[in-house]
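To start, the structure itself, in structure tokens.
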Amino acid sequence: MIIYTTEVEDINSFYTLESLKEVYGIIWMLVPILTLVLGITIGVLVIVWLEREISAGIQQRIGPEYAGPLGLLQALADGTKLLFKENILPSRGNTRLFSIGPAIAVISILLSFSVIPFSSRLILADLNIGIFLWIAISSIAPVGLLMSGYGSNNKYSFLGGLRAAAQSISYEIPLTLCVLSISLLSNSSSTIDIVEAQSKYGYWGWNLWRQPIGFIVFLISSLAECERLPFDLPEAEEELVAGYQTEYSGIKFGLFYVASYLNLLLSSLFVTVLYLGGWNISIPYVFAPELFEINKINGIIGTTIGIFITLAKTYLFLFISIATRWTLPRLRMDQLLNLGWKFLLPISLGNLLLTTSFQLLSL
């Protein structure tokens, strides 16, 4: 059998073309993921800078001002410092669990960002069960914290890990019941559909007004899930040194630091999506019909406006969370568990029953 040179060249060119298609396909899959990671990183840096500036203002002192203009690069400088510090492993601890714990905490939170809609056409994964996927993934993070506490072979770390697991379980259930109420109101578990269901009457269509009890419970549960004051018992400095982070140093300690702010940003975004109308403009149609038409703009301009509105609402909630941290004292462990099991759980369950009753009556 004789194969001519031209035929061999055609076969090679076809093979090369198919390989290029696969490479381009992989690249186009990675572009939105890397863009989202870059945006999340910038968002975390902004939150760290905001927290330092707001806390400095509340305490009447000067915040960061030397690293970059207005101290904007201070968080980047701190991250670089942690990156080059020595990574110390506990001699009598379980090094595998000790090393895996921070990674589980960060990855579980990062995966949850995939179902966040920043605009009507800007979402990484529009799933029918998007909101419950977030609940399922976020429940993995406490496992990483418990592994970190156990793997450290330190009594303070282990107690901090146990506290983190108990706190997460206590407040995950009221949070899930509030999300279920929103899903019933919107007749969908997709984050896109939930935002679209709030888009008819400006801010009067927000779930904040239809679910005020659920909003308050969700707000408190979100702060508890983020382990922010007054719910920072897993890492209470006066009692447990630094909780499950006691034995960590270098980049692994930095991962826990990043995970806490990632969780805060994620919770703020879900408050915006579930209760504050997402990317929709807040002006009611009866007041300014021409502004209400912004919701219908497509393309790059519409996407940019949607991102700006979403982030504006998100950082409003972030400001409330940061101000709360520097205003309220820490709860005791028994008070924290009583609040979750004896108050928030019955209230969220009653809210769900009321929502279900109204939905059945409206059929």
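From the backbone N, Cα and C atoms, a Cβ is placed for every residue, glycine too.
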Transmembrane segment per Swiss-Prot - which of 59-79, 164-184, 206-226, 248-268: 248-268
Same-chain Cβ contacts of the transmembrane segment (248-268) under 8 Å, 6 or more residues past its ends? 40, 43-44, 47-48, 79, 82-83, 85-88, 99, 102-103, 105-106, 109-110, 112-113, 116, 134, 138, 141, 148, 152, 222-223, 225-228, 314-315, 317-318, 321
Counting only residues 6+ away from its ends, which parts of the chain sit with a Cβ under 8 Å from the transmembrane segment (98-118)? 36-37, 40, 89-90, 124-127, 130-131, 133-134, 137-138, 140-141, 143-149, 151-152, 191-192, 195, 244, 247-248, 252, 255-256, 258-259, 262-263, 266, 269-270, 273, 278-279, 306-307, 310-311
Determine which residues of the chain contact the transmembrane segment (30-50) at the Cβ level, with the cut-off under 8 Å and only residues 6 or more beyond its ends counted. 64, 71-72, 74-76, 78, 110, 113-114, 124, 258, 261-262, 264-265, 311, 315, 318-319, 322
Counting only residues at least 6 beyond its ends, the same-chain positions whose CB falls under 8 A of a CB in the transmembrane segment (343-363) are 171, 173-174, 177-178, 180-181, 184-185, 211, 213-214, 217, 220-221
